[in-house]
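Engineer: Input: one structure, supplied below.
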Amino acid sequence: MDDFDRDLDNELEFSHKSTKGIKVHRTFESMNLKPDLLKGIYAYGFETPSAIQSRAIMQIISGRDTIAQAQSGTGKTATFSIGMLEVIDTKSKECQALILSPTRELAIQIQNVVKHLGDYMNIHTHACIGGKNVGEDVKKLQQGQQIVSGTPGRVIDVIKRRNLQTRNIKVLILDEADELFTKGFKEQIYEIYKHLPPSVQVVVVSATLPREVLEMTSKFTTDPVKILVKRDEISLSGIKQYYVQCEREDWKFDTLCDLYDNLTITQAVIFCNTKLKVNWLADQMKKQNFTVVAMHGDMKQDERDSIMNDFRRGNSRVLISTDVWARGIDVQQVSLVINYDLPTDKENYIHRIGRSGRFGRKGTAINLITKDDVVTLKEFEKYYSTKIKEMPMNINDIM
């Protein structure tokens, strides 16, 4: 794991009201963490805490309910993972921490981060996700898992089957909370919460926290500490954003092909709004002899895992996906995101383009728009206090 771009991370400003009185820890040593955890942090590649880590880790360790917001790629996963690992009793094999995520890929990724950070602590962790045989979960849970990372549907299933014992869970983490609190997951999260001990600590984490999400968190949290980014700081300053005006929807494909002839990139992600469009675009690109892979929520989990692993290893260069990939998935080499379709909601814009500038690295986002999209693009600019420029004629100037 590469280190952060310190200059970029230092630009992040937190709301004074929300962080008043919170001590900022400039080093991991000053947090007095377990020696084996500290060893795991350094082995993972961290040297000094990022802005969110320096503020939120100790709040989580203190046992307070915590609401933490920061940009994509600034180490949010490690923030709650470190806080959680510090309070785990390694002598007990009971489940003590539960992490809920909106996508299977994100749940697996979090499990991997926890595994690496807890490498020297002999931590047992399992990803509990749909799309796989529940028998595998039952077997793993019977062996004893101190930390479970999962998607709400499968987690509530194993709780109801009594395979996942909840009596010793100390901390519940809701990652990408804005997505989790949408209709599909809300009821499942309430259901899970009802099975947890009344004393459970709740940690809410997301890159964006709209007012309605903050209102919903009040049902789960008691006097939470809020570590929130200033509204005008919720932008990705390390990412250059452009748009290409296409007269009609069917001109987008030719524009995309033209872009590919000119761009020299390591890896790229192209986002479409529907599974149908993903399949169509992947087929069209392959007909033009472009090497691409496609991923969406209707695929079997094994197929999704295989595509993700290939993409992570760099075996495939271009991934076409729906928003299933936009949430928190960390592939270091991605330097370009193309929105073939603009996202249907403002919150997903930052999640999508954040894939191109992980951990402070520079990235580029290109939006293909028709005249019908102009108003939406202007709304995104206003919402994120950012400027999306028209792409210059010479594409190499922007890469």
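Even glycines carry a Cβ here, placed using N, Cα and C.
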Engineer: State the residue range annotated as motif 'Q motif' by Swiss-Prot; the candidates are 26-54, 55-83, 287-315.
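Structural biologist: Spelled out, Swiss-Prot records motif 'Q motif' over residues 26-54, not the other listed ranges.
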Engineer: Can you identify, from 175-178, 219-222, 387-390, the stretch that Swiss-Prot calls motif 'DEAD box'?
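Structural biologist: Range annotated as motif 'DEAD box' by Swiss-Prot: 175-178.
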Engineer: Work out the three-state DSSP category of Thr77 (ATP binding site).
Structural biologist: helix
Engineer: Give the mean pLDDT for the motif 'Q motif' (26-54) on the 0 to 100 scale.
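Structural biologist: Here the predicted model's pLDDT, averaged over the motif 'Q motif' (26-54), is 91.
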